[in-house]
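Residues or ranges marked as domain 'CAAX prenyl protease 2/Lysostaphin resistance protein A-like' in TrEMBL: 135-238. The transmembrane segment annotation in TrEMBL covers 20-39, 59-77, 98-119, 125-145, 166-182, 202-220, 227-245, 257-276.
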Amino acid sequence: MNDVTQQRGLRGVIARHPLVSFFVLANALSWSAWTPYILSNNGLGVWDYTFELGQLTGMLPGAYLGPITSALIVTALTGGAAGLRQWGARLWRWRVRWHWYAIAVLGVPAALIVTGLMVSGGQVMAPSVTVLAVYLPMLVLQMLTTGLAEEPGWRDFALPRLQDKFGPMRSAFILGPLWALWHMPLFLTEWGGYPEADWTRPASFAVFCIAFNVVMAWVFNRTGQSLPLAMLAHVSVNNFMSVVWSEMFPTVSENVTSYALAVSAVIAAVIVIIATRGKLGYRKEQSGQVDEAVLVRPDDRLKTGANT
């Protein structure tokens, strides 16, 4: 019997089922932390309290308690110090070809603008100087909040393990629904447009997550599993939609916006799947399994990041 099968108790369960443990823990921690926010006046209104800073104090703490904290706990219990070093190494894997940064910083907003033009019938307004001035600072803030809270869990911890076990395509369609599921309680708050939004809002969001996760997997794999690029691709969508979208396309309703995002993500996913023949840039030698890993030397990290 190996060391994993000999371990008993909760630690043994986590060691034998690290992925299941991660997903259960991520949801349990985040949903528990979000419960006051959901019950407050920012959500269901059961608790007569208002989070004055809204999502910043109501949603963000639970986000930090979820994917990144769960990945940290499971990695520490199953991989020890070596596993933590490997898990953390991808966060510094930023040396990739410049065009990937261009895709994330410029390509994502460009695709969203095209989407906006289509659903608005060409009715577009130029963003104000103020919006343009805060765009990059807000992008950095999104990296440190949404990006850092989520991507070390979804892409850094879960995706490599899923791909090693199920391959890239099946993994993408496993992780996508789980990524969407984690967000679902937030649709009972102002974050998800409650109480005005109907059931189609979370449904279209789920479609977006499943489809955009395919694109995210491709970016992650093709950049040598660069976590900063995955974070940047993720928050580029969030930042454009929260800072620029409503000013450029004021006539587009929130429901139409959610449908448009879902459809555009599906189109992007189909293009990626066809272009990569379903491989999504995955190479078996990029194994993310902690128990098989040897620590990556700095020079090896640079080589991996450069060969994209």
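Each Cβ is built from the backbone N, Cα and C atoms, and glycine gets one as well.
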Ask   = Does the transmembrane segment (20-39) reach the transmembrane segment (166-182), going by 3 or more CB pairs under 8 Å (6 or more apart in sequence)?
value = yes
Which of 59-77, 98-119, 166-182, 257-276 contacts the transmembrane segment (227-245) most, counting Cβ pairs under 8 Å = 98-119
Request  = Name the range, of those listed as 59-77, 125-145, 166-182, 257-276, that has the largest tally of Cβ pairs under 8 Å with the transmembrane segment (98-119).
outcome  = 257-276
Query = Using DSSP, what's the helix, strand and coil tally for the domain 'CAAX prenyl protease 2/Lysostaphin resistance protein A-like' (135-238)?
reply = 91 helix, 0 strand, 13 coil
Ask   = Looking only at the domain 'CAAX prenyl protease 2/Lysostaphin resistance protein A-like' (135-238), what is the mean pLDDT?
value = 96
Key: Spatial neighbours of the transmembrane segment (166-182) far in sequence, C-beta under 8 Å, 6+ residues away   = 23, 26-27, 30, 66-67, 154, 158-159, 205-206, 208-214, 217, 221, 273, 278-282
